[in-house]
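The feature pyridoxal 5'-phosphate binding site is assigned by TrEMBL to Gly97, Ala98, Phe130, Asp215, Glu216, Val217, Gln218, Thr273. Look at TrEMBL and you will find Arg133, Ser272 tagged as N(2)-acetyl-L-ornithine binding site. TrEMBL lists Lys244 with the feature N6-(pyridoxal phosphate)lysine.
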Amino acid sequence: MSITPLMPVYPRSGVRPVRGEHCHLIDEDGTRYLDFAAGIAVNILGHSHPGLIGAIQRQAETLMHVSNLYGSPQGEALAARLVDLTFADTVFFTNSGAEAVECAIKTARAYHQSAGNDDKFELITFANAFHGRTMATISASNQEKMHKGFAPLLPGFRYVEFGDLEGVKAAMGPNTAGFLIEPIQGEGGIRTGTDEFITGLRQLADENDLMLVFDEVQTGVARTGTLYAYEQYGIEPDILATAKGIGGGFPLGACLATEKAARGMTFGTHGSTYGGNPLAMAAGMAVLDAVANDEFLAEVREKGERIRTRLEQFIGNYPELFEGVRGKGLMLGLRMKVEPRPFMQHLRDSHQLLTVAAGDQTLRILPPLVIGDAEIDEFFDKLSAGAADYRHPES
Ligand SMILES: *Cc1c(COP(=O)(O)O)cnc(C)c1O
């Protein structure tokens, strides 16, 4: 047998972390890495946050899981907190981002179909989007590399260029149910939706009774300097998927919706065995306790601005490598003039700095939101050293 016990779907690197300490990961053989990948925007409180650990420990000792057949004081409390903090009136808890997007897609379809509009099932989505790896969420993306071998795709998605409002108008028709969009594309390369584009989508949705669905799985939970990125556009979505940071490392996601948008989501229409279990609720509550306040959010914005300013100065020294800085808050990207993957590997293997490669020739910088001056300085030391001794492989 040559297949590995772990299904070989990931090209895993040689870094094999066994322990985390705040903003660092420690490898099997004791090597310390500065973690500016944060589990791809998951470990927003770093790796050993006492509040998060304590909340999970206490809840694990008290009650880990019960079925959704029973009342859920823990779920009600976290849902009420999210309703308080956001546009939403109601919340469905999931265990992952893809499931949160699945619920968002079902909610958008059911909004129309529960009112008898059975032909309104199509969501307009955007080129190079990433919404997860389930059948529905790969179908929602135009990225062929995620489709290959998994045909047939789920019908009901139309792809338009990110930022192309005229293209959206042209793609709309009698089957259109709404729009599904990442306000800042993460894996697509930290591409930020402009104010004009996002408010344009809101206006089109209002004029045509369509659902504006935000995938904030990566942008959400303080990452961009507000609790959710939609706040920075001065609009509200009808439905929003959140995950990644919301559990701080515990598997948790949620689909948020207004009362109007959720009109089709009635008894028996949706469910999840684990979704919203007490252990996950404790983790989510501990994360919100830490991040959902003005001081924390202001610090994320301030640290984001500081890193961005230094990055802009830094890239001036390496015009052959870097083209520009992208993103908001602590969701940052370095647009490169060469493929970012070998540079990411060089930073990782030669300088013990973890970042994430993304589409559109962009290197993602996604530190834990709790970084301080010391981690920022260490990041620039490693990045500068990495750029100075980098030799891009001949293509
Ligand atoms: C990571 C991600 C997902 C999928 O989340 P999983 O937890 O891997 O299912 C969906 N949408 C966006 C924008 C993401 O970044």
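Don't overthink the numbers, they just go from 1 along the chain as shown.
Just so it is clear, glycine is given a Cβ too, placed from its N, Cα and C backbone atoms.
Looking only at the binding-site residues Ala98, Asp215, Gln218, the one with its C-alpha closest to Lys244 (N6-(pyridoxal phosphate)lysine) is Gln218. Ranking the binding-site residues Gly97, Ala98, Glu216, Val217, Thr273 by the distance of their Cα atoms from the Cα of Arg133 (N(2)-acetyl-L-ornithine binding site) places Ala98 first.
Each of the binding-site residues Gln218, Ser272, Thr273 was assessed for Cβ neighbours inside 10 Å, and the highest tally belongs to Gln218. The maximum pairwise C-alpha distance among Gly97, Ala98, Phe130, Asp215, Glu216, Val217, Gln218, Thr273, the residues recorded as binding pyridoxal 5'-phosphate, is 25 Å. In this structure, Val217 (pyridoxal 5'-phosphate binding site) belongs to neither helix nor strand by DSSP; it is coil. Among the binding-site residues Gly97, Phe130, Asp215, Glu216, the ones whose Cβ sits under 6 Å from an atom of ligand 1 are, in sequence order, Gly97, Phe130, Asp215. A sphere of 10 angstroms centred on the C-beta of Gly97 (pyridoxal 5'-phosphate binding site) encloses 31 other C-beta atoms.
Compared over the recorded positions Arg133, Lys244, the count of CB atoms lying within 10 A of a residue's CB peaks at Lys244. Distance noted between the C-alpha atoms of Phe130 (pyridoxal 5'-phosphate binding site) and Ser272 (N(2)-acetyl-L-ornithine binding site) is 23 Å. If you take the Cα of Glu216 (pyridoxal 5'-phosphate binding site) and the Cα of Ser272 (N(2)-acetyl-L-ornithine binding site), they are about 20 angstrom apart, rounded to a whole number.
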